[in-house]
Amino acid sequence: MAMANLARRKAYFLTRNVTTDALRFSFSLSRGFASSGSDENDVVVIGGGPGGYVAAIKAAQLGLKTTCIEKRGALGGTCLNVGCIPSKALLHSSHMYHEAKHAFAHHGIKLASVEVDLPAMLAQKDNAVKNLTRGIEGLFKKNKVTYVKGYGKFLSPNEVSVETIDGGNTVVKGKHIIVATGSDVKSLPGITIDEKKIVSSTGALSLSEVPKKLIVIGAGYIGLEMGSVWGRLGSEVTVVEFAADIVPSMDGEIRKQFQRSLEKQKMKFMLKTKVVSVDASGDGVKLTVEPAEGGDQTTLEADVVLVSAGRTPFTSGLDLEKIGVETDKGGRILVNERFLTNVTGVYAIGDVIPGPMLAHKAEEDGVACVEFIAGKHGHVDYDKVPGVVYTHPEVASVGKTEEQLKKDGVSYRVGKFPFMANSRAKAIDNAEGLVKILADKETDKILGVHIMSPNAGELIHEAVLAINYDASSEDIARVCHAHPTMSEALKEAAMATYDKPIHI
C-alpha cells in the first residue's frame with residue numbers, strides 16, 4: 001500500500017544529488033547498524049514533541065539505548081504545550097459555556113445566569129497540559145529513555161552539544177541522530193507579534209480577557225478553531241483570508257457548508273482580502289486591508305489580532321549547515337523513504353520534513369524512522385493521514401477530495417447522507433452536517449471520506465481503516481452498525497455510494 005508513496009520520496013531524494021555512500025548506508029540498515037565511532041547512544045532525538053518523544057520511546061522499546069533532548073524543559077512540544085492539547089481544552093470549555101447559555105433551555109434545563117470565569121477556564125487548560133507533560137516524563141522513566149533538558153546543536157553527525165536549561169553544557173553522542181524539532185509560527189511581513197494585542201496561536205491560548213473584537217488573519221485549521229473559542233465566549237470575530245476559500249485543502253462541498261455553519265455562529269469572513277498594514281500603536285489594533293487583486297483600501301479595528309498564516313519548519317540554531325544537511329527552499333529537511341538525510345546517521349521527522357504538519361503524522365514518522373534504524377520495516381502513507389478541524393461541528397477527512405479526483409481525471413461515484421436523517425443526531429438535537437464518500441466508479445474502492453458533524457474527528461477513523469485496507473463502499477455498508485449511533489450516517493453514505501440508502 002505504501003509503495004507509491006515511498007517511491008515518490010525516494011525519487012525526490014535521488015534528485016537532490018545524494019551521495020552513493022549515504023544511499024548505501026540507508027538501504028543497508030535492514031541488515032544491522034552501521035558503525036559511527038560512537039558507543040554512547042544508539043539513538044539521540046533532538047526534540048521532545050509528538051514525533052520526538054514517540055520516536056524516543058519506540059527506540060527504547062526496540063532495545064536501543066536512547067536519549068531525547070528538549071529545549072522547552074517540558075515534553076510534548078508545541079502540540080501539548082501551546083497547540084493541540086490546550087486549544088482542545090479551550091474549545092471544549094467554550095463549547096460547554098455556549099451550550100449552557102444557548103441550548104440548555106431547549107433541553108428543559110433552566111439556569112438563572114451563566115457567566116465565564118476566564119481564569120478558571122485557563123487554569124483547567126494549564127492543568128491538563130501539566131498532567132500530560134508529567135505523563136510523558138513517566139513514560140520516559142518507564143522505558144529508560146534518558147531525558148536532557150536544553151537546546152541541542154550539531155557538532156558532528158554523531159555529536160550534539162546541549163546548552164542545558166540550568167546554564168550548563170553537555171555533549172550527547174549517538175550512532176543515529178533524529179531531528180524532530182517541529183515547527184514555529186509563520187510570520188507575515190510588517191507584522192510584529194507581541195503576544196498581547198497581536199498574538200500567535202500561543203498568545204491566543206492565554207488572553208487575559210475576552211476581546212470585544214478579534215480579527216483572525218488566516219482561515220486555516222488553527223485560525224478557525226481559535227476564532228471559535230473566543231467567538232463562543234463573546235468576541236465579535238472577523239476572519240481575513242487572502243485566498244478565495246476557507247481551509248483550501250478541504251473538499252469544496254464540505255467547505256461551503258462549514259463556512260455557512262460558522263457564519264450562523266456569527267463568525268464573519270473577508271475572503272480574497274490582503275492585509276496591507278497593522279498599526280498597534282493605539283489602545284487597540286488597526287488593520288488596513290484591500291482586495292487580493294487590488295482595489296480600494298479599508299480599515300478594520302480590533303482589540304486583538306490573531307496571526308494564523310500557517311507554520312514553518314523550526315531548525316534555527318541546529319547548525320545543520322555545519323554538517324551539510326540539505327534543506328529545500330522552504331527550510332524543510334530533505335529525507336529519503338527511511339527518513340535519512342543526505343548525511344549518514346542523521347534523520348529527520350515530523351514538521352521539519354515535507355508532508356502534512358500534523359502531530360499524528362509526526363508520531364507515525366517517529367515510529368517508522370526508528371523501526372528502519374532497528375532493521376525493521378517502517379510505514380507511513382501521507383495520502384492516508386486524516387485531518388480534523390475541532391470546531392463545532394467538527395470537520396474530518398481522509399483521502400481525496402472531489403476536486404482532486406476531477407483534476408486527476410478519476411471516474412468516481414459520490415454517496416452522501418445528512419445527519420438530519422440520523423436518529424441519534426436528531427434525538428440529541430445536534431444534527432448539522434453530513435457524510436460524503438467518494439469511491440472509484442469501476443471498482444467501488446473508497447478514495448476519500450469527508451464528515452462534518454459533532455465528533456467527526458472520532459467518526460473518521462472507520463473510514464481511515466477502510467481506506468488503509470482498500471475497502472469498498474459496499475464493505476462499509478454491509479458492516480452492522482449499532483443503533484442509534486452517529487456512525488450509522490457513515491453506513492448510510494456508503495449505501496448511497498454503491499446503491500441506495502435506507503433512511504432518506
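Each Cβ is built from the backbone N, Cα and C atoms, and glycine gets one as well.
Keep in mind that TrEMBL annotations are predicted by a computer and have not been checked by a curator.
Keep in mind the model is a prediction, meaning the values are calculated, not measured.
Per TrEMBL, the feature domain 'FAD/NAD(P)-binding' maps to 42-366.
Under the heading disulfide bond, TrEMBL lists Cys79-Cys84. Close to Cys84 (disulfide bond) in the fold, though at least 6 residues off in sequence, lie Ala359, each with a CB less than 8 Å from its CB.
Taken from TrEMBL, the feature FAD binding site applies to Lys88, Gly152, Thr181, Gly182, Ser183, Asp351, Met357, Leu358, Ala359, His360.
Feature annotation from TrEMBL assigns NAD(+) binding site to Gly218, Ala219, Gly220, Tyr221, Ile222, Gly223, Leu224, Glu225, Glu241, Gly310. The Cβ of Ile222 (NAD(+) binding site) lies under 8 Å from the Cβ of Ser87, Ser201, Ser308, each of these being in the same chain and 6 or more residues away along the sequence.
Proximity of His483 (active site, proton acceptor) to non-local residues of its own chain (separation of 6 or more, Cβ distance below 8 Å) is seen for Ser423, given in sequence order. Feature annotation from TrEMBL assigns active site, proton acceptor to His483.
Reported as a whole number, the C-alpha separation between Cys79 (disulfide bond) and Ser183 (FAD binding site) equals 10 Å. Cα of Met357 (FAD binding site) to Cα of Glu241 (NAD(+) binding site): a span of 20 Å.
The full span of the recorded NAD(+) binding residues, Gly218, Ala219, Gly220, Tyr221, Ile222, Gly223, Leu224, Glu225, Glu241, Gly310, taken as their largest Cα to Cα distance, is 15 Å. Apart from Gly218, Ala219, Gly220, Tyr221, Ile222, Gly223, Leu224, Glu225, Glu241, Gly310, the NAD(+) site neighbourhood in this chain, defined by C-beta within 8 angstroms of the site C-beta centre, holds Val216, Gly227, Val239, Ile246, Val247, Ser308.
Just so you know, of the binding-site residues Thr181, Ser183, the Cβ with the fewest other Cβ atoms around it within 10 Å is the one at Ser183.
Each of the binding-site residues Gly218, Gly220 was assessed for Cβ neighbours inside 10 Å, and the highest tally belongs to Gly218. Put simply, Lys88 is the one of the binding-site residues Lys88, Thr181, Ser183 whose Cα lies nearest to the Cα of Leu224 (NAD(+) binding site).
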